[in-house]
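Engineer: The domain 'GPI ethanolamine phosphate transferase 1 C-terminal' feature in TrEMBL is assigned to 467-941. Look at TrEMBL and you will find 35-56, 477-500, 526-543, 549-565, 612-630, 637-659, 665-684, 737-757, 786-807, 882-903, 915-936, 948-972 (among others) tagged as transmembrane segment.
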Amino acid sequence: MRGGDGILGVRSSARSPEANSPRIRTQLLRRREKWLVILGVALHAIYMLSIFDIYFKTPIVHGMEPVTPRFSAPAKRLVLLVADGLRADKFFEPDSNGSYRAPFLRSVIKERGRWGVSHARPPTESRPGHVSIIAGFYEDPSAVTKGWKANPVEFDSVFNRSRHTFAFGSPDIIPIFCGALEHSTWNSYPHEYEDFATDASFLDEWSLDQFKGLLNRSKEDVKLKQLLQQDNLVVFLHLLGCDSNGHAHRPYSTIYLNNVRVVDQIAERVYDLVQNYFKDNSTAFVFTADHGMSDKGSHGDGHPSNTDTPLVAWGAGVRPPVRTFENHHHENTVRFVDDHVHDMPTPADWGLNGIERQDVNQADIAPLMSTLVGLPCPVNSVGNLPIEFVNLSKVDEVEAVLANTKQILNQFLRKSQLKQSNLLRFKPFKPLSNYSFVLDQIEHLISMSDYEAAKTLSENLRSLALEGLHYFQTYDWFRLMTVISLGYLGWMVYLMVHVLQEYTSLPRKFFQNDQSVYLQTNTKKIYFSGCLLMGLVCVILLVEHSPPLYHTYFAMTIFLWVRIFREYRFLRALWRYMLGKEINHFAKLLASFIVSVFVLEILVKSFMDRKIYTWIFLIIGVIASVYLLYSMPWGSGLPVFVWLACWFLSIFTLMPAEIPDNTKLVVSSGFMIVIIGVASRYLDMYSRESKFWLSLTHEVQKSKSNIIFLSQVLLVAFSAVMVPLSTNRRTEKQELLVLHQVINWSIAGVSIVLPLFSPTGLLSRLTSIYLGFAPAFLLLSIGYEAVFYGALALALMAWLLFENAYLHISPSSKSSSSTTSTMEDDLISESDERCLQLSDMRIPLAFMVFFNIAFFGTGNFASIASFEISSVYRFITIFNPFLMAALLIFKLLIPFVLVVCTFTAITKMVKVPLLGCYFLVIICSDVMTVHFFFLVRNTGSWMEIGNSISHFGIMSAQVVFVLLLFAVTTLYTKHIQIRSPKLHSQKQM
C-alpha cells in the first residue's frame with residue numbers, strides 16, 4: 001500500500017467511509033497515478049508536435065501574379081555558372097608563389113564587370129543555396145518534414161519565368177529546377193560519377209562539354225538554332241568539382257586549389273563559346289557559388305568560410321567597374337543574412353582594393369538575373385535587387401526597383417489576405433496600411449522625373465514588405481506559444497498539487513483545521529465551465545479553419561487548468577497556510593526554488609556544452625565534502641572520498657566525444673571495477689554493527705553471498721581478458737571465433753542475471769548490480785568509456801554515502817522520524833515511508849544531474865551515430881543492423897540503469913515515496929522542456945536545427961523514458977531491505 005505519508009488515508013476518510021480500507025486507499029491512488037502517467041505521456045507527445053506548427057511552417061504562398069517589368073531587357077540571354085563549394089577567399093587570394101588562381105575572372109572584375117561577396121544564409125548546403133540563387137528565397141523550414149532532402153512546397157524560379165532554360169550538371173541539383181519544367185533542356189551525369197577517390201574536376205568539364213555539344217547540335221538542328229536565337233533564355237552550368245574535392249581533400253589541398261583554376265578556365269571557355277556563337281554582345285554572365293567549404297572539408301553552418309562566396313557579373317546590362325580609393329569604406333552597419341556587417345574591408349592580398357566591391361545577400365542574385373534578362377522576379381523571391389550591378393538609365397533603374405518592390409509586396413498582400421479570410425479578429429500590419437498611397441506617390445515622383453526620391457521610397461516600401469512577410473510568418477506564434485506554455489505550466493502545477501496532496505503532511509494539517517478542504521460541492525460547475533470554454537474555443541478554431549492539432553493544444557491546456565481549479569479548496573487552504581508562516585519559511589521556500597531553477601538552467605546549458613559537467617562536479621565535490629567535514633561529529637574519510645569521486649567523474653566531459661580505441665585501458669578498467677567491488681564488499685561485511693552504516697547493510701547468509709560475489713568478480717575478470725582476445729582477431733582482419741562469441745554472450749547474459757540472487761541489503765544489492773552490468777559494458781567498450789563506468793559508480797556511491805550521512809546529521813530527518821512514530825496507526829504505511837519535505841528536493845535534483853551525465857558522459861545520446869559501431873564487434877561481426885543497434889542502445893542504457901537503481905535505493909534508505917520523487921523529477925525535466933521549447937531553431941545549419949529539435953524531444957520523452965527505466969530496474973531493487981534502527985536496538989538489548 002502507498003500512503004506512508006498518511007495523506008491518502010486522511011483524504012479518503014474525508015470523502016467516503018469505505019475508503020478507510022488500506023487496500024481501497026492503495027487501489028485509488030494507483031488508479032489515479034496510472035491515469036496521471038497516461039495523461040503525461042499524451043500531453044508530451046501532443047505538445048512535441050507543436051514545434052512543427054510554430055517553427056516549421058512554410059513561408060511560401062501561391063496565388064500571386066508576376067510583376068512584368070516596364071523597361072526593356074538589357075540582355076537577350078543569361079549564362080549562370082555556379083561553382084559548388086567554392087570559398088570566396090580561395091577564389092580571390094593568390095597562391096604561394098603570388099599568382100592568382102582565376103586570371104580570367106580577375107580580368108573581368110578589373111575591366112568589364114562588377115564583383116562582390118555573396119553572403120549565404122545557413123544551412124549552407126547545395127539545395128538551399130541553389131534555391132536561394134535561382135528562386136530568391138532561403139531554406140524552407142518545413143523541409144525538415146522531408147528530411148532536408150527536398151522542398152516540400154512548389155515554388156517559382158528564374159527558370160520558370162524564362163522562355164527556355166538549358167541546364168547541365170549534378171543529378172542532385174538540376175532535376176530540382178528542371179525535372180518538371182516543360183520549357184527546359186537538361187541533362188545530368190550518373191550518381192556513380194561522384195567518386196570522392198578521384199579528382200572531381202572532370203565533372204565540371206562534363207558540364208562544359210554538354211553545353212558545347214548543344215551549340216554544335218544547333219548547327220544541324222534548325223529548331224534548336226531558332227530557339228537559341230530567341231530572347232529570355234537562361235543557360236545554367238552546375239560545376240560540382242570544388243565541392244567534391246573539398247569534401248575529399250579539404251579546401252587547402254592542391255586538388256581543390258587546382259579545381260579553382262579549372263573553374264576559371266571553364267568560365268573563360270564558356271564566354272568565348274557564347275561570344276563566337278551569338279556575336280551580338282547581348283549575353284549577361286553571372287558567376288557565383290552556392291556555399292563555401294570549411295577547413296575540415298564540410299559545410300552547413302554559419303562560419304564565414306561557408307557563407308562567403310564569390311560573385312562576378314559581366315556582359316550585357318552589367319555596369320563596368322568603378323575605381324575607388326584604397327581606403328574607401330562606408331560607415332554602414334547593416335548586416336547580411338549571415339550576420340556579417342556590410343562593406344567589410346577587402347583583404348589586401350586579394351589585390352582588389354582599388355575596385356568598388358558590392359556585397360549582396362545570396363537571394364539578391366535571383367532578382368538581379370531577372371532584371372538583366374527582363375523577366376518578372378520569381379513570385380516567392382525575397383531578394384533585394386542590387387541595383388549597383390545593373391547598367392540602366394535613371395528611369396529604368398527606378399522601374400526595376402519598383403518591380404522588385406511590387407513582387408515582394410504582392411507576397412505580403414497575399415499572406416495578409418489569407419490570414420484575414422480565416423481569422424475572426426485580424427490584426428493587420430500597420431506600417432503598410434497605406435501601401436496604395438505610397439505606390440501612387442512613387443508613380444507621381446516618376447512622372448515628375450524625381451527618380452532618386454522615387455527609388456528611395458520604393459526601397460523603403462520593399463523593406464516594410466519584407467518586415468510584413470515576417471510578421472505574418474510568425475503571426476500565430478504568440479497564441480500557440482502562450483497555449484503550449486500554459487499547458488506545460490498547468491501540467492507542472494497539477495503534478496505539484498498531486499505531490500502535495502498525496503506525499504506530504506500538508507493535507508493532514510489542513511484537514512485538522514478545516515474539514516471542508518476535500519468537499520467537492522462545486523465540481524460540476526467547474527467541469528461545466530471548462531466544457532463551455534472548450535466548446536467555445538473549438539467553435540472559434542473551426543470558424544478560422546485552424547488545423548486539427550490546434551484544437552488538441554487548446555483542449556489539453558483547458559483540461560489541465562480545469563483539473564487544477566477543481567482543487568481550489570486545497571489551493572485556498574495552502575494559501576492560508578503559507579500566509580500563517582513566518583518570514584524565514586518564505587525565505588527557505590524562495591531559496592529552494594531559486595537553487596532548483598538555477599541547477600536546471602545549468603543542465604539546459606550543458607546540452608550545448610558538455611564541459612559544464614566538469615565544473616558541476618568540481619563544485620559539488622568541494623561543497624559536499626566541506627558540508628560533511630563540518631557536520632559529521634565523528635572522524636571519517638567520507639568527505640575525502642566524496643571529493644575525489646566527484647573530481648574523478650569531472651574528467652570525462654573534457655574528453656572528446658569521438659572515443660579512440662584503447663584496448664589496454666579497457667582491460668585496466670576491468671581490474672579497477674573489481675577493486676571498487678571488493679572495497680564495497682569489505683564495507684558491507686565489516687561495518688554492519690556500526691550505527692552509521694545500519695541503513696546500508698543487512699544480515700545475510702555469508703556462504704551464499706560469498707559465492708555470488710566471487711562469481712561476479714570472476715566474470716568481470718573474464719570479460720577483461722576476452723576484450724584483447726576478441727579485439728586482436730579484428731585488428732588482424734580475422735573473423736571472430738565462434739567460441740569467443742559464445743563466451744562473450746554467456747558472460748554478459750549470466751552476469752546480468754546474478755544480481756537477482758544477491759543479498760537484499762542495500763549496499764550488497766547495489767554492489768551486485770554494479771558488478772553484474774560491468775562485463776557487458778566492458779565487452780561493448782573500446783576506450784575510455786570503460787573507465788567512465790567505474791567513475792560513475794564511485795560518484796553514485798558517494799551520493800549514497802552522502803545521503804546516509806545526511807540522514808544521521810540532519811535535524812529535519814530526526815524530527816521527521818519522531819513525527820512519523822507518533823502518527824495514528826492508519827497513517828503508517830507497510831513500507832514505513834515518511835512524508836516528503838522541502839529539503840528532499842535535493843534528491844530529484846541530484847538525480848537530474850547524474851541522469852544527464854549518463855547522457856553526455858561519453859558522447860551525445862541525442863545521436864546514436866555519435867557512438868562507435870565498433871563497440872559491438874566482440875559480439876557480432878556479420879552486418880546485422882537491428883542486432884547491432886540493439887547492442888549499442890543496450891550499452892548506452894547501462895549507465896542509466898546504475899543511476900536509477902541508486903536513486904531507488906536512496907528513496908528506500910531515507911524512507912521517501914519513490915513515485916513522489918518520480919513526479920518531482922518529471923517537474924524538473926519539464927522546466928528544462930519549456931526552456932528547450934523556446935530554443936528550437938528554424939534557421940542555421942541542418943545540424944543546429946536538428947540538435948535543437950532533438951534536445952526538446954529528449955526532454956519531452958523523459959516522462960516515458962524514466963518510467964520505463966524504473967519499471968526495468970524494479971526487478972533488481974524491489975527486494976532491497978533497510979534495517980530499522982528500532983529493531984536493531986531491540987536485538988542488541
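Each Cβ is built from the backbone N, Cα and C atoms, and glycine gets one as well.
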Engineer: Do the transmembrane segment (786-807) and the transmembrane segment (882-903) come together with 3 or more C-beta pairs under 8 Å, pairs six or more apart in sequence?
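Structural biologist: Taking Cβ pairs at least 6 residues apart, the transmembrane segment (882-903) and the transmembrane segment (786-807) are in contact, with 3 or more under 8 Å.
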Engineer: Same chain only, please: residues at least 6 beyond the ends of the transmembrane segment (477-500) with a C-beta under 8 Å from a C-beta of the stretch. Say none if there are none.
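Structural biologist: Sequence-remote neighbours of the transmembrane segment (477-500) are 32-33, 36, 40, 43, 47, 50, 53-54, 506-507, 550, 553-554, 556-557, 560-561, 563-564, 567, 570-571, 574, 836, 916, 919-920, 922-923, 926-927, 929-930, 933-934.
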Engineer: For the transmembrane segment (549-565), find every same-chain residue at least 6 residues outside the stretch whose CB is under 8 Å from a CB in it, and list them.
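Structural biologist: Distal contacts: 42-43, 46-47, 49-50, 53, 480, 483-484, 486-487, 490-491, 493-494, 497, 526-527, 529-530, 533-534, 537-538, 541, 571.
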Engineer: Mean pLDDT for the domain 'GPI ethanolamine phosphate transferase 1 C-terminal' (467-941), as a whole number?
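Structural biologist: Averaging the confidence scores along the domain 'GPI ethanolamine phosphate transferase 1 C-terminal' (467-941) gives 84.
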